[in-house]
Amino acid sequence: MFNCLIFIHGHIKGNTLCILRESTPLGSGEERREASNTTAKARRALAMAMAGHAPGGALPLILLVVSCCGRIVSGASPAAAALRRVGSGSGGLCDQLLLPLGYPCTEHNVETKDGFLLSLQHIPHGKNKAADSTGPPVFLQHGLFQGGDTWFINSAEQSLGYILADNGFDVWIGNVRGTRWSKGHSTFSVHDKLFWDWSWQELAEYDLLAMLGYVYTVTQSKILYVGHSQGTIMGLAALTMPEIVKMISSAALLCPISYLDHVSASFVLRAVAMHLDQMLVTMGIHQLNFRSDMGVQIVDSLCDGEHVDCNNLLSAITVIRKGTFAKYDYGLLGNLRRYGHLRPPAFDLSSIPESLPIWMGYGGLDALADVTDVQRTIRELGSTPELLYIGDYGHIDFVMSVKAKDDVYVDLIRFLRENGWHNSY
């Protein structure tokens, strides 16, 4: 059985809930007792939510992902099988996926300004390429509750990470805080509440800054940025920051998200309706293993009732404050102290340099990065990006479809070759 995952960021920053993908069952008696207590709380809270008595208030931000809900819809897939393999055994991403297939791969670690220890993987060339034929660095940033393994889920002939390496690119894989490959901190452990005291804004301002800065220093070259889903939110926010955009030669965004006014994914709408984020935050839960009974009940609530097909769904939903693509809202006084304004400032997409080449790929069946919201993002940019629209592609097809090599990656690689092959600093 493959776990389902949900990540929710509540109204109060300090009350972030993070549900981890764990490949091993609960071990110690203390862990089992904690899971049991959490389940009891959840049953009461879920009953309240379904009865319409969940904690009220606005829902300014909810980050949610349901990942390959094999419990609900049976049947295996190559992607799910690959994820199960990654979830077992020991060692880093290089040891588990790249090296066994003959690809050169090394593990690297960086520390963010706020103490998080992040892992990066470096694939300098394909398995049949000479070491001295390395091309420009390309940095791949995964989506929400995914990890660097996202880029290697399908076969070597079908996965973007392998394809880029085999096409001569110097591939670097990013893994943001809290993911399987980046669970370290200089002070906190994953069991500490403060370990989870962050939003996607920190992923852009701290994680990307640290990872891209490391690659920029090591390669002495500007970087080709490729992001999917939350990786595009992070990218768009980061590209408004002069200290980051100076390191980027071009950006390719798969399923770009900044505005989500037209989200139509049923399980997201259901989660909003039941105030799921406020319900769990009120319970004081900050870390949860989804193998527990509580996890099963929540997934049932989100995925069963309206015939939502969760099989092979590995997607990120990020609802930014209504109508804006803005920084974190600390409340009136908190905003005044932090930003000098009562309201959090918006990320100004028009400040992204017009000279920066941007490519966007999006689909007509994407219930998360809706076409209308993507078009709004495009209008706010100062430049006109290159666009690839595929009418029958959904949110996850751009990274997991076995047809993406021909439908998406051919044009993506063309763009990268034309806009970054010779950009040393």
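Using N, Cα and C of the backbone, Cβ positions are placed for all residues, glycine too.
Bear in mind that TrEMBL entries carry predicted annotations, made automatically and left uncurated.
Annotation source TrEMBL lists domain 'Partial AB-hydrolase lipase' at 99-154. When pLDDT is averaged over the domain 'Partial AB-hydrolase lipase' (99-154), the result is 91.
A simple way to gauge crowding: the CB of Ser229 (active site, nucleophile) has 32 other CB atoms within 10 angstroms, across all the protein chains here. For Ser229, the entry in TrEMBL reads active site, nucleophile.
Contacts of Asp366 (active site, charge relay system) defined by a Cβ separation under 8 A and a same-chain sequence distance of 6+ are given as Cys255, Tyr393, Gly394, His395, in order along the sequence. Residues or ranges marked as active site, charge relay system in TrEMBL: Asp366 (among others).
The annotation active site, charge relay system is assigned in TrEMBL to His395 (among others).
The Cβ neighbour count for His395 (active site, charge relay system), using a 10 Å radius over every protein chain in view, is 27.
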